[in-house]
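Written below as structure tokens is the structure these notes are about.
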């Protein structure tokens, strides 16, 4: 998954694929998300360090348990099937729950309407607890952060409320890795508790400062040590990773801490029944002026979505590009067309098979050759068989080329090409399947 405003690094996709190839237990993975407009405004500046915390450090910690609670929709990857062919993200349970339209509670509304990417991750962890949802810092991407306060407030309202309700779902999952305080369930509970009590943090810090200045009582030195240790360890991580710029961004983040810990969470909780996307729907038009994007409010009709089984999907066309022949999308299986106004029937070529001793008929269909006689002669020269029962690679490649030349590439499938080859040569070509598929793919690429 990649958002429209996401810029993926050149090697990031390879990094994600490599992690999945290395560990078959990984069914979902994401990379680190950075910002493209770090210094655009004060709104973007206060988000830089927060993005590093939530999209790098938090996910790296959750990845230790193999249970990243949110694979962001801006840049992530899911595995379709296991190595044995069992469906994962395309399983019936995941699709049915994700396609739920009956929303009758506030909890469901927050799950389904605000954070689709987080809810999809929750479903994957719910139905496949034995697999891993991981994070790799080697795969990086850049996205555009909200550059105005109103857009940021709208975005964080959706994110915080979605986080709370998804964490509630995860807490009650029966199968979470680990045991007691060393379990992912405990981590999720602490995350949920910290999110709900976040506004209290600001008051507690203010109380510590007041006590320290007025000296009306003993200050809680343990609390100060813990706070210093938290941000001190983060600074150590920056130094070890040589990410010097994050030290400055951390200072800016601390100045904006009242916004992150109090104002934004309280605003989100107060508007928990607001499911709109707010100012995030304001886009810049072609004339450079901002305009509100109004989504289509027509009722959803499930019948408009084409349904297809996996077997039908595997029978998809070998190419989405249609060969322009002027024959209206007909395939090689039914062409007995006219050439420049002159109709002719299928030309049959007799080829003597040395071991079989019987002729094999080959029907050659032409839609663009100058004449039937030239087509038959050219085809006969191309389909010379080797001295064995099986046709040679050259004969197969030439026949594939002829079939593709006279077929609608938007409808014909690899299986149809293989079946036609078997019919033409009169032998079972299952043992040559890999060669046939690679030849078809190379020819399709050369035609695009």
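From the backbone N, Cα and C atoms, a Cβ is placed for every residue, glycine too.
Whatever TrEMBL says is automated annotation, not expert-curated.
According to TrEMBL, the transmembrane segment annotation covers 186-213, 219-240, 247-270. Positions annotated as domain 'DEK-C' by TrEMBL: 390-445.
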* Hey, which bits of the same chain come close to the transmembrane segment (186-213), Cβ under 8 Å, at least six residues off its ends? -> 61-62, 65, 69, 160, 163-164, 167-168, 170-171, 176, 178, 180, 219-220, 223-224, 227, 257-258, 261-262, 265-266
* To do: Can you check how the pLDDT averages out over the domain 'DEK-C' (390-445)?
  => 84
* Structure fact -> In DSSP terms, the domain 'DEK-C' (390-445) comprises 41 helix, 0 strand, 15 coil
